[in-house]
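Worksheet for the structure shown next.
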Amino acid sequence: MSSFRVGGKVVEKVDLCRKKQLVWRLDVWPFAILYTVWLTTIVPSIDFSDACIALGGLSAFHILVLLFTTWSVDFKCFVQFSKVNSIDQADACKVTPAKFSGSKEVVPLHFRSQMTDSASSGDMEEIFFDFRKQRFIYSKELGAFSKLPYPTKETFGHYLKCTGHGTEAKIATATEKWGRNVFDYPQPTFQKLMKENCMEPFFVFQVFCVGLWCLDEFWYYSVFTLFMLFMFESTMAKSRLKTLTDLRSVRVDSQTVMVYRSGKWVKLLGTDLLPGDVVSIGRPSTQTGGEDKTVPADMLLLVGSAIVNEAILTGESTPQWKVPIVGQRSDEKLSIKRNKNHVLFGGTKILQHSPDKSFSLKTPDGGCLAVVLRTGFETSQGKLMRTILFSTERVTANSWESGLFILFLVVFAVIAAGYVLVKGLEDPTRSKYKLLLGCSLIITSVIPPELPMELSIAVNTSLLALVRRGIFCTEPFRIPFAGKVDLCCFDKTGTLTSDDMEFRGVGGLSNCEEAETDMSKVPVRTLEILASCHALVFVENKLVGDPLEKAALKGIDWSYKADEKALPRRGNGNSVQIMQRYHFASHLKRMSVIVRIQEEYLAFVKGAPETIQERLVDVPAQYIETYKRYTRQGSRVLALAYKRLPDMMVSEARDMDRDAVESDLTFAGFAVFNCPIRPDSAPVLLELKNSSHDLVMITGDQALTACHVAGQVHIVSNPVLILGRSGSGNEYKWVSPDEKEIIPYSEKEIETLAETHDLCIGGDSIEMLQATSAVLRVIPFVKVFARVAPQQKELILTTFKAVGRGTLMCGDGTNDVGALKQAHVGVALLNNKLPLSPSDSSKDDKSKSKKSKLPLEPASKTITQNGEGSSKGKIPPQNRHLTAAELQRQKLKKIMDDLNNDEGDGRSAPLVKLGDASMASPFTAKHASVAPVTDIIRQGRSTLVTTLQMFKILGLNCLATAYVLSVMYLDGVKLGDVQATISGVLTAAFFLFISHARPLQTLSAERPHPSVFSVYLFLSLIGQFAVHLTFLVYSVKEAEKHMPEECIEPDASFHPNLVNTVSYMVSMMLQVATFAVNYMGHPFNQSIRENKPFFYALIAGAGFFTVIASDLFRDLNDSLKLVPLPQGLRDKLLIWASLMFIICYSWERLLRWAFPGKISSWKHKQRAVTANLEKKKKV
């Protein structure tokens, strides 16, 4: 078998191949034959000059083949490798990565003898390849490649029995298998990066064009273009070198760690750790000068607990409490996603730890006992590094579309070149060299030299704008996706609502409908549960943890001490000592503690009302009605319960089975919390709704609470229906929040129902939909998803994508990881202050001259506006003694510094640092607000329209150039060297200025066209080209009437004449008009007048045309090789140019009105996908 499907997030497919011997390669032997034929047959039979042309063509073709082996991995495999069916015959493999994970690569296949633990079993052969710092192993049993396995899916019982690597043989085997715990990335050099850039297809093509222009005597233009190319490529290489050097500085901490090997504790460097090692990890005591200790690898906490700062991975500064697996069911398998509160992730810092000396294996330094799970690039930090590392390549917008569009233009260029070739060969006196040169120039004119640079700038400008707003992106290709988003999904808690919870009181203990706020009237047992059933912890003498739990403690007026003891601030109540915690788990929807009050042991439990209900001995009569009443009001409700435990030892309490602790409970009331909606949630979501986006809420909260909040933030506006099970049966029905409207559930009527109602479903309903294969029929029409588990959030996003929705998911980056990764655009919000106020933002967009670049602060600081713009023109006191010239020099130095730093180069993406990015999501926003969603969508739309206008302008310039270089070239019309240089500079300046247009502050209801291939763009191109062609043809024909009847030789050197002059002037005006007409300003970007540099460049271009056409400065026209125009011809040119502009402008505006961008018709795709699924089920 020559091909293997790998699946997964990194590699999709692997093809086996074998390298051919040098003489049998397709880039060697065919050309050896061709060169021999040229030497023995062609040279003797034709003129030497024609033979040299043939040799030049053959050499160019050979060089092109060699270059294609660098550009295309598929072509390289075809030329230099042969396919093999057996893995034993292969020595390399072609790796096809998963979509959006980079480009294909050919990597060597390694065969080696694998060491085994037992000498008697002999050595086994291991076959593997390394791809992007990951190893893939071939399994002969399965006949497939899979990722190198790490011990991450064993049972808790297995980990608790771990004693590390017991022998030197096992250590050697593990070292050979997994390697050292390092981030090994070779240091690149400037020369290597520059060589890579110079081997890019666009760059080679541009250098080839420069060579052709030199042969056609365009020396100034060629040298200018070549200088510009090398300047930009060297800037790019320098910027990438800095980025990669910064990434290489990230190292696994080389601190020493106590490791249990061969039956004893030994001190080893963190870089020597291996998966399976048992280690002692903790923060050194302050007496020994200990600092925050960095965790060197991903490890599972066996014994002891730790408080960890995970900001380097999640960007979230709130410390996380890590607990041991002691007390968990021994047969339960580890899932790092689900059991992350037991896992210490590499790169994070231990703030404090609590050892447990009751375990059989004692740590020598008082640390926590842990077992290493993953090392090196397989750790969470390593994965994030890989994401950042392999997204530092050059980024472009719509690369496949740009290729197809250029191919479309090449067709026209080839037709024009063919016309010139046929006509030229009819004249036997024509120089074949000049003829072939002319044809080559026509075909190469399709792609201007600045195109790749401008496409990169389109994305990178957006990246920089987002970074200045505190939004970091690790996957730049997703920015254009943001412009295509039509569905925005939001988590509720901590995203739409504030983290500052308000404790409203306790309900459900009396017949009173309002929650009891007087804590003296609340049973002491209920207060004890609220005071102790939590996961709060002291870090550096400060209480940290869930804001809801802190609000409850404050609301009941109890205190909590560092020794895990809770006691009332007033009165003589008993203290509550926590003995064992069972932390909150999203799949269980509850948490519990075992406490001791005086000499009595009790279990305190809190969780979702419907979850606790199933575990109560007696359910109060008004239980359901009470919690539903509070949730309808938008409150968050937690059910409280307890049970008495028999007398026991402390060790027995800690070993109790969680399920036994959390069963047969006695109800103790409902804790009711108000969850205030963030001030800007409703305005931001209303703006999104008004800008043609559908809104969806996905939350783990209760359905009634979710629907109440959804109504306040404009997600639902129609009457709401909630899908639920009817009574104890298995039938489902739609019920309104007040239970006055009830409609039987039928999956076939969902679409009709969704037209008049907003639908809400819960996690249990999703399980039903999965069981009945109705997911695709129902989920696309739902507005609110409540009580959903993290895995269900992922399923919801996958379903929306399957029916053709452009999805954005906004969450907090902890419970929403799967959904954030699945969405086209995932935005993780971190709780930091906003970097800019709305007023600052609007000022920023109004005036570029008054705005200075925002400095990037460390992750812990707020990003503030700074620089010249904030001083409002006043000279700082320390600079008042400087002269005007010195001040000017300082300003110039500051500008140069800005250009030279790592963010001043719009050509390269800004470096995303660890701590800025979240491993949860492609976009990380350091805001306690959903406002970044609008910023990301604005930048996405801006990138889309900028790319679209670039291609339109490119298309029109290409079609006009193809005509000028073909039909007019045959008539002897040419451009001078200076003329071509000025034209090139003008085009580059225009492209640069349009790519830096900033998006408008307000999102428009109008949508950008998602693709280059649309009716609007095609009609716009054809219509404008027809007008341009008419203007060009009539102008040249008019000029010919004033020309003396002289024969102009097409191959003759350039000399000024009237037709050449008119041709240049018309080309200049067409260029200015093309940029002015096709600039996409409102409603997405700044208008032409607001984009000052572009506006002034247009005025300068139009003014330049008027000046040279009016012949105001004769010396200027002489230097440009332009002859004087007759008065009548001059007036006609100016009138025709004005008419051409008005007609093109009107045509463009008419098409924008007639063919606006629209949301894709996802319902058609939903029906098609559902019908296809039905067919598969029948088969």
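Glycine too: its Cβ is placed from the backbone N, Cα and C atoms.
Membrane topology per Swiss-Prot: Val14 and Gly376 share a side, carrying the same topological domain name. Note on Swiss-Prot: of 436-453, 472-489, 634-651, the range annotated with the feature transmembrane segment is 436-453. In the topological domain 'Cytoplasmic' (72-192), helix, strand and coil residues by DSSP number 30 helix, 37 strand, 54 coil. Of the two recorded stretches, the transmembrane segment (1093-1110) does not lie close to the transmembrane segment (1014-1034), with fewer than three CB pairs under 8 Å once pairs fewer than 6 apart in sequence are set aside. By neighbour count, meaning other C-beta atoms within 10 Å, the densest spot among the recorded positions Asp491, Asp816 is Asp816. Across 21-42, 193-215, 980-997, 1014-1034, 1129-1148, stretch 1129-1148 shows the highest tally of CB pairs under 8 A with the transmembrane segment (1060-1079). With a threshold of 8 Å between CB atoms, the same-chain residues lying at least 6 positions outside the topological domain 'Cytoplasmic' (998-1013) that come near it are 398, 401-402, 404-405, 465, 483-484, 486, 687-688, 690-692, 841-842, 845, 848, 934, 937-939, 941-942, 944-945, 947-948, 951, 1080, 1082-1086, 1091, 1155-1160. Neighbours of Asp812 (Mg(2+) binding site), defined as other CB atoms within 10 A of its CB across all chains, total 22.
By the Cβ criterion (under 8 Å, sequence separation of 6 or more), the transmembrane segment (948-967) is not in contact with the transmembrane segment (1129-1148), since fewer than 3 such pairs are found. Non-local neighbours of the transmembrane segment (1014-1034) in the same chain are 948, 951-952, 955-956, 959-960, 963-964, 1063, 1066-1067, 1070, 1074, 1077-1078, 1136-1137, 1140, 1143-1144, 1147-1148, 1151-1152, 1154-1155; each lies 6+ residues outside the stretch with a CB under 8 Å from one of its CB atoms.
With respect to their backbone Cα atoms, Asp816 (Mg(2+) binding site) and Asp491 (active site, 4-aspartylphosphate intermediate) stand 8 Å from each other.
Mean model confidence of the topological domain 'Lumenal' (1111-1128) amounts to 78 (pLDDT, 0 to 100 scale). In this structure, the C-alpha atom of Asp491 (active site, 4-aspartylphosphate intermediate) lies 8 angstrom from that of Asp812 (Mg(2+) binding site).
Panel annotation: around the transmembrane segment (1129-1148), residues 1020, 1023-1024, 1027-1028, 1030-1031, 1034-1035, 1038-1039, 1042, 1062, 1065-1066, 1069-1070, 1073, 1076-1078, 1105-1106, 1109-1111 of the same chain, lying at least six beyond its termini, place a Cβ under 8 Å from a Cβ of the stretch.
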